[in-house]
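Enquirer: Reproduced below are the annotations present in TrEMBL:
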COMPBIAS  50-61  compositional bias 'Low complexity'
REGION    15-69  region 'Disordered'
TRANSMEM  81-99  transmembrane segment
TRANSMEM  106-131  transmembrane segment
TRANSMEM  151-171  transmembrane segment
TRANSMEM  208-232  transmembrane segment
TRANSMEM  244-267  transmembrane segment
TRANSMEM  279-297  transmembrane segment
TRANSMEM  344-363  transmembrane segment
TRANSMEM  384-406  transmembrane segment
TRANSMEM  412-435  transmembrane segment
Amino acid sequence: MVLVCALGTAGAPLGASGSAHRPPLSTRARLRGGGGDGAARRAPPGGGCARDASVSTAAVAAPPPAPPPLVRTAERVERTLFVSLAAMLFCALFSYQLLQMTKDTILVDACGAEAITFVKVYGVLPASMVFLALHSRMERTAPDGRPRSAAYVKSLVPFVAFFGLFGAVLYPMRHALHPRALPEPPGFLAFFAKAEGLRSVQLLARHWTFALFYIFSELYGNVGVAILFWQFSNNVVSMRQARAFYPVLARYTWIAPVLAGQAIVLADRAFRGNFANSMRAITALVVLSGCAMGALHRAALGASRELARIRPEPMDPAISVSGRARKQRKPGLVRSVLLVSSSPYLACVSVLVLSYGLCMNFTEVLWKTSLVRCFPDVDSYQRFLGWFSTALGLAVFAVSLVAPAALRVLGWHASALTVPAVMGVLALPFFWAAAARVDGPSCSRIAVIAGAVHNLASKSLKFTLFDPTKNMAYLPLQPEVRGAGQAAIDVLGGRLGKSSAALLQQLVIILCGGDIVRGVGAIGGMYACATIAWICAVNSLARKLPARLLVRAHI
């Protein structure tokens, strides 16, 4: 003990120079055993040995310094921002899945699967253009580059109000609102009215509330997810946060399709024989999800502003579309479309969205035609879609386990190429089963299973890889260009892809005498062309994106 105390007091005092003048640990251990010439030294009077030894022990065992209060506050606010965004995406996907299953059930049962191609071209596409024009006029950019709350609310409220009105008024009064027969058209239009290929148009005109519900549901799929979530998310997160948030968001939202599917199944069991009550319950859930999105929007926007005040981050270098950066007012519809068409970068992003819409819709009518043959009544049809949505949620969960690792290990380029490659491979057995033309329920079941596998893989990859990689491609753009380009591409581009596929399928139906199954070969060839264009667009974007998004193990 005397030897240890002598070491603590040798040279400069411990309180002045700390442990910097202490000998190494091996020397101290040797001296404790009695070796070395320091044994002749003596401790100072007054218990200096015990005091210095206690200070030395406290210095060695002291915990690392706690982070400053601002750092802890910033981490807490950033967690709040992430949780709010994850909950917003959950609500958007939950209501989206409910509407997708319900719109297909009521429209296919009343008008047939062939009516889908007509309502998408002549109903959904014009409505998308009108919404984009209104949205471009409503949205304004705040001084700090973040969207105003009024534009978000004005985009959300019309959808919430319509779905509540449909479930409470329009659907219960459908028999009074739908005409039993349409008036005979005059002149040469009577020939087209009697044409078998246009029978779906007549049915759509009679069941106009169902067609309107389908239009709003399809439009909400792009607005609720693309505009009300992804565009808002891109405006409130930095590129650093996006690389951390986007790959793992699917882990917190995979349960949404599962709950939506089980909600459909439970509604079918609870209100069997009374589809009006089931519709009322489903639309009530959609309205509640919309209200929750509004509240979460306020929370996320407040967290983003608080985080910008506490820990401001430098702006990432933006990709200039026009070659020079300049501030300008939010472009309208025409200027947004011209902006996309004049920019090679935005044109490549639009090809991604168009190709995905084409590929998905080239298989939709064929698959739902097989579904109608296997499940002819509305209850069994809706019940199958409910279980399909549950399987979709589980598939999204399984893919989300490997999607973040794929983005980190493979990088943006390989991850973006995974989606068209997988969809192209899985489309081959489906088109083969649809073209077999073997009568009987067995052939329809094979086509249903092959189409279900294709849809499960395509939609799960969309939520976990396609959406994150596509939205990461928007991040390097200037704020003004990003908002206008994303609104034009995601809303109008997505609708153009679906409407173009529907228009091409209408042409196939007319040329094949009203039977779409006869044109499976032509549809498969167009599917292959869209996949090739998709892959070329991904390769082109990979040459333009910043290196930090492309490098492996750094995303």
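Glycine too: its Cβ is placed from the backbone N, Cα and C atoms.
Remember, TrEMBL labels are computer predictions, not curated facts.
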Enquirer: Per the definition of 3+ C-beta pairs under 8 A with sequence separation of 6 or more, do the transmembrane segment (344-363) and the transmembrane segment (412-435) touch?
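Expert: Judged by the Cβ rule, the two regions touch, with the required three close pairs present.
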Enquirer: Pairs of Cβ atoms less than 8 Å apart decide it: which stretch in 81-99, 106-131, 151-171, 208-232, 412-435 has the most with the transmembrane segment (279-297)?
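Expert: Highest pair count goes to 151-171.
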Enquirer: Looking at 81-99, 244-267, 384-406, which one has the highest count of Cβ pairs under 8 angstroms to the transmembrane segment (208-232)?
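Expert: The stretch with the most contacts is 81-99.
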Enquirer: Are the transmembrane segment (244-267) and the transmembrane segment (106-131) close enough to be called in contact, which here means at least 3 C-beta pairs under 8 A that are separated by 6 or more residues?
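Expert: Between the transmembrane segment (244-267) and the transmembrane segment (106-131), contact is absent.
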